[in-house]
Each structure stands twice: as C-alpha cells, then as structure tokens.
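A.B. asks: My questions all concern the structure below.
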Amino acid sequence: MEGLNEVLTLFLSIDNFIAIGVGVLIGVIVGAIPGLTATMAVALALPFTFSLAPVTAILLLVGIYKGGMYGGSVTAILIHTPGSPASACTLLDGYPLTQQGKAKKALQMALYSSCIADVLSNLALILFASYLAKIALNFGPPEFFWLICFSLTIIISIAGESVIKGLIVACLGIIISCIGMDAVHGTQRLTFDNYNLMDRVSFVPLLIGLFAIPEVLDFYLKKASPHIRAASSGVGLTMKELKASMSSIVRGSLIGVIIGAIPGTGATAAAFISYSDAKRRSPNRANFGKGELDGVAAAESGNNGVAGATLIPLLSLGIPGDVITAIILGAFMIHGLTPGPVLFQENLPVVYALFCGIMISSVVLLAVGHGVIRYFSLIAEIPKAVLLPIVLLFCVYGAFAVNNSVFDIGLMLFFGVVGYLFKITGFATAPFLLGFILGPMFEDNLRRTLLIGRGDPMIFFRGPITWCFIALTLLSLFFALRRYWLERIRTAP
Amino acid sequence: MPPLLKLFSRLLIAGASLSLIAPAQAEWPSETVRLIVPYAPGGTTDVLSRKVADLLQQEIGTVVVENRPGAGSTMATAQLARGGRGADHTILMASPGHTIGPVLYKNLRYEPVKDFRFIRNIIEIPNVMTVPANSPYDSLGAFVEAAKTKELTFSSAGVGSSIHMSGELFKTMTGAKMTHVPFRGSGEALPALLSGDVDVSFENMPTVLAHIKSGKLRALAVTSKEPSPFLPGVGTVSQLGADQGLGEFVTTAWFGLIADDSMPDEAVTRLQTALEKVMADPGFLEFVAQVGGEPAAQAGDAFRDYVAEDVERWSAVAGQAQIEE
C-alpha cells in the first residue's frame, strides 16, 4: 500500500502531465518536418530536462519520441516525404490516398493505428518486460542473420509492378549501403578517397532525396500535375473502415513489439514487415501501393508498436535498442538512475510511475493528434506551386541539419535524381530503401556469426529461434514466388 | 573655458573612458561558445558534454552544444582544425576517437596533437575486462593461459573503438589468439557478451557496471593504472597480468576539451579557470561517479603530452594488428 502511495505521489503531479502534453506536441510537429527527426528533438530537449524531476524528465522525452513516431507519417501521407525514416513505409499507400483526395482518412487511420499500437506496445512493456528481455538476449548474430533474411523476402511484396525490377533496385540499395568503412577490418570501400564518404552514406539525406525530390521534379517537369481540392481533403475515417483494418493493426502492433524488444533492428524494418504481412493476407492485395487504407494501418501500427517495446531492453537490461533510447538512457544517468535489473530493485516506484505516464502518453497522443489533423489536412489544400518550393527548402535544411554538412545536401539532390529516374522508369523506390537498411545488417550479422562460430557453418542452425526464422524465410519465399508464377501464368497471352 | 578647449577636454574624457571600456569588450568570450560533440546524441560523450555545458554556462555565459557525428569523430575534428571564423569560440569534446581516428582513417587533414590547443582533460573512465557470468575463466591468469592455446573471441563497439584497441593491445602483449567480433555500438555488443556468444570484452565501465553488480557479468580486471573504487576487490590488468607480459597494460577512455590552435591564450586560461569550478561542482562529481569514472587532472601541456602518448600507443597497436591505414 505504501508502495502504491509512493507511485501515485511520484506520478500524480501536474508537471508530469504538462511534460507529456508538451512532449507529444513537440514530437508531432518536429516529426512532421522532413529532416528534423524525433531523435534530434529528443537530443535537443535533453538539457532542458536536467532541472526537472527524473520521472517528469523521462516522460517529456518519451512523449517527444511517441509524438515524433506519429508526426513522421503526416508529411509522408501529405507530401510524399517521410518526416522520419520509420514512416517511409506509410507513404506507399498514404500518399496515393492524398492524391485521391482522401488525406483526412489516411491521417486519421495513421493516428488511430499508431495509438492502438502504442497502447498494445505499452501493455507488453508493463506486463511482459522481463520475459521479452530474455528472448532478446537469446538473439545473437545467427538469429539476427535469419531475421534479416526473412525481412529481405519482403522486397518481393513491395517490389511494385515487377519483381525483377524490385530486386534490381534492392541490389542497388545494398551496393550504396556498402560505401564507407568495412565493419570488421576497417577497410574503406567505394569511397574514392572522398573524405565525406568514409563513414557511410547518411540515411536522412538519402531518404529525403529519394522520396521528396522526385515529386518536386515531376511537378516542374510535367507542369500538369492536377491539384485535387476536396472539402478539407475528403471525409474522415468511418468506424467500419477502422474495424476492417483492426486485424492488421493488432498484428502490426505485435510485430512492432517483437522487433522493438530486440535491440538494433528498428522501427523501419517493423513497418515494412507489418506492411508486407498485411498485404499478403488482404483480399485487396492488388490495391496495396495504390491507396489502400489497410496499408497505412499496417505500416503505422508496425512502427508505433516499436515505441513502447524499445523501452523493454532499456529498462530491464540497460541496453538501448536505438539512438532515441540511447539518449533516454543518458537522461536516466543524468538523474542518477541506472536502467537495468538494479533499477527494478532499487527504484521500483519510479519504474511504475513511468509506466503510468507512458500509458497516459498514448491517450495524449490521440488527443493531440486529433487536434492537429485538422490543421495538417490544410497542407493538402495548398496549391503545389506554393507548397513544393517550401518543401524543397525544408529538404535542403533537413539534409544539412543532420550532420551540419553541405556535402549531405549534394547527396540528397543526387538521390533525388536517382529517385526521379526510378519513378519514370517504373522502378519502385521502397526496395532500394529496404536494401539500404537491411544490407549492412545482413553483412554484419553474417560475418559476426562466422567469427563467433570460428568459421563453423553449423552455428547458423544452433537453436529454435534460428529454425523458426529459417522456416519463416522459406515460407515467405515460397508463397511470394508461387503468387508471382501464378500471376505470370494468368496474365500470359 | 573656451569652446574649443571644452570640446577637446570632452573628447579627451570620452576617449579615456572608451579606453577603459575597450579591454572589457575584448574579454573572452565576446560571443556564444559552441561545444562540438563529435558523436551522435546519446552515449557517454554526448551526455558528458551536455552536463559540462550546463555547468560551464554559469561561469562563461551561453554554451551551445552541437552534435556533429561522422567517421568516428574525425569529421567534426577536421572541421575544427580548419579554423576560420568562430574558431576562437569553439571547443570540442575529444575522446580516444581523437587519437585512434588518425590510425584508422587515411587522408585526415589534421595532426591530432600539433593542430590543437589542449584545454583540459575532464574525466577518465577505465575499461573493464569482462566475461559472461557462466564463463569458465575466473581469473585473468586462467583466461590468458586459455587464450594461448584456444581461439577465443572478444567483442567491441566497432573497429577503432577504445574497446577494440584494448583487445588488440591485450593480444599483442600476451600473444593470445583472439578473434575480434565488432558490433555497431555497445548497445549491440552487450547482449552478445551477456549471452556468452563472445568470450570477453574490454567494455567501458558505465556499460557493464550494473551487470557486474547484478551478477550477470564477471569482471576479471580493470584497465586503469589504479583499481577502481567502483569495483572493489577487482585488480588492474597491469597488476594481475604482470607475469603474462601485461605489466605495462593501461588503457582508459578519457574525455577532454580541445580547441583549434588559433584560440588565444586568454581564452584557454579563462576556460581552464571555469572548468576548475565546474569540476568541483557536486552535481558534476555525482555524474562522474554515476558513469564509474574519475575526474582527470591534466590541463594544458600536460594534457597535450597525455594525448601524444595515446596517439603513439594506438598507432603501434594498429600496426601490429594490421588495421587498415
């Protein structure tokens, strides 16, 4: 009873509620600006939390994180520019919906699926943290290797019109991801002695260039892109539509939770896995990529499902799963708390007060999101001749802001041209992105596995988790290829 | 008084008072000070820099923290070394990346010692030679013996991290057969150590301290010169491994402020005085204890010599370990 009292004293302070509200609002706005990611917002907010109480400080950062996850989808849906990497998958169906005048529907679907996934993810954190953390620890390089193999099979389902074209761009993405220092020996690969390429190709400039710039180029080169004006960009989401996507949302959330609990995989992969799973199961499979609400729901529930779950390895093991949780770990340390088993022993009331706040943050996200959708929808009303120069400005700024590097602006423009070439030649862009993200993970884990196993290939088959992912990979490949051949036979003259 | 004389005397007074103001205007800092963190947000360097900036502000006015990650801290350091406008108000939080970077990246356009002013070393954090709790090796001696006959593995936060280089140094000093398994950051490396996928790691103290205390990891030795008060009962590598050729083995992660060599003496002195106060602050000392480190002592030339020694050590290790140059 005394414990409960302490939790409530820690949690029920007006500061905490203000922190969550302000955090989520900042997150949504920053997340929605291309190039300004939730990671940056969390890093910038960190010094302001020094003077706050520990629980309030962490809740502010968690609020920004969650808001940012949703905010990134707004520009993905409205202007084909993912505000954050994790929302790259949302634009596959979100942007076509905007083009059809259904921006409001897409934004609402993104919000509701984000919030539902968030709640489920939080529940997983609160109820199963210690259990999921144990699974995460069993994820060594061989298990990761097969998880990445499984994720690579998704390329087939997001390849667009042609599987062969999809595989070609995915390979290009993998090649681009090889640029920079080799992770095992430190060899410089494909850098042509250019100092700026010695690390790796920066992700944010590539992302912005690939998706936003082709839209801008397309508009000015064709000068005929019709602007769709509908009353507040269409009607809102109906209950029936939400219900129809509910199973995708729940499955996406669970995928997000599992991926989130394993450090080092990330929300982008979760969104794509969830999307491809929903596509495989959907009767409207053919409509995916052309404006399917279920696609938005699956992508957003996948990436938001990660948000609560990344706190599982952080709180229970002290291991940050991504950059944002690494900053939150820093915040814990500044306030004299050490996440990990010791935190649960020594500061249990703080942990439970955080859990209360994290649950509340999902509700706040719903409220804030609801409030801002109205204004965000207006973006879809702005004539493109006015909107696109502003978008371009943000793109340049966003590409620069990540590393304060002018080279990155050039990189963004280069990938803009690449993206445009993909667009006019009918190559899908998403497999390129997936190749770029998964390529290094594939290579790293392949080489790590061989190093750990001292060259013995049997390590790839060392336990139930590896077998489970081998089976999933083979099944996924089998079904994808079967569908591909069936369609070829059907469309053959 | 004739009008002209009046004007002249007024001008004289005005001039005299201006000359009094002039030194005040030139006092450093005359603009906002920028503290560059050469790594991404999160992580020890970032958190430490933000803590220092927060306290430094009370002494010298606004300090803005900027993250400029890239190429293992060398990107930001190269920018700093270029000097130019604002360089006299820019400081950078250097760490072992500053001394390992030149070994790892070719075409660096700066000399890690010659091109900089060394303001003050702030904190030193030892690495801990750590094995999983279920490891068969319960002492440094037993580990070295095993590593000479069997091929063991050690993990690190990436090629060229202080964790990696400590492992390579260990190899060259003992003749142990160890394979390096690199991860991207300690966050990814830690699970492999906890689960026993790798045999040993020379991890930074803050990453493993809580796990050692909770019994999930076992500390064999610390890499600093003296034992750490945070791990009582754990000896140093140089003491415990003296018989195995490790008598000179000392590696610590250090974090200190450097600036471009164009920074004036006055600014360096002002920063050094301010940092003395920052480092005496109870909040700072609490933070240092939190990360398992100790306040560092070297300032100015002593700091420069310390860094120069580090550069020498790592280039020797890299040469022997055949890391790309």
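Cβ from N, Cα, C; glycine included.
Reproduced below are the annotations present in TrEMBL:
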type	residues	note
TRANSMEM	A:7-33	transmembrane segment
DOMAIN	A:18-434	domain 'DUF112'
TRANSMEM	A:39-62	transmembrane segment
TRANSMEM	A:109-132	transmembrane segment
TRANSMEM	A:144-160	transmembrane segment
TRANSMEM	A:167-184	transmembrane segment
TRANSMEM	A:249-275	transmembrane segment
TRANSMEM	A:323-344	transmembrane segment
TRANSMEM	A:351-373	transmembrane segment
TRANSMEM	A:385-402	transmembrane segment
TRANSMEM	A:409-439	transmembrane segment
TRANSMEM	A:459-481	transmembrane segment
A.B. asks: Per the definition of 3+ C-beta pairs under 8 A with sequence separation of 6 or more, do the transmembrane segment (A:144-160) and the transmembrane segment (A:109-132) touch?
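C.D. replies: Since fewer than 3 Cβ pairs under 8 Å link them, the transmembrane segment (A:144-160) and the transmembrane segment (A:109-132) do not come into contact.
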A.B. asks: Run the contact check on the transmembrane segment (A:39-62) against the transmembrane segment (A:323-344): 3 or more C-beta pairs under 8 Å, excluding pairs closer than 6 in sequence.
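C.D. replies: Contact between the transmembrane segment (A:323-344) and the transmembrane segment (A:39-62): present, because at least 3 Cβ pairs are under 8 Å.
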A.B. asks: In this predicted model, what is the average pLDDT of the domain 'DUF112' (A:18-434)?
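C.D. replies: Averaging the confidence scores along the domain 'DUF112' (A:18-434) gives 87.
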A.B. asks: Please give the sequence-distant neighbours of the transmembrane segment (A:459-481): residues at least 6 beyond its ends with Cβ less than 8 Å from one of its Cβ atoms.
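C.D. replies: Here the qualifying positions are 135, 138-139, 142-143, 145-147, 149-150, 153-154, 156-157, 280, 449-450, 452-453.
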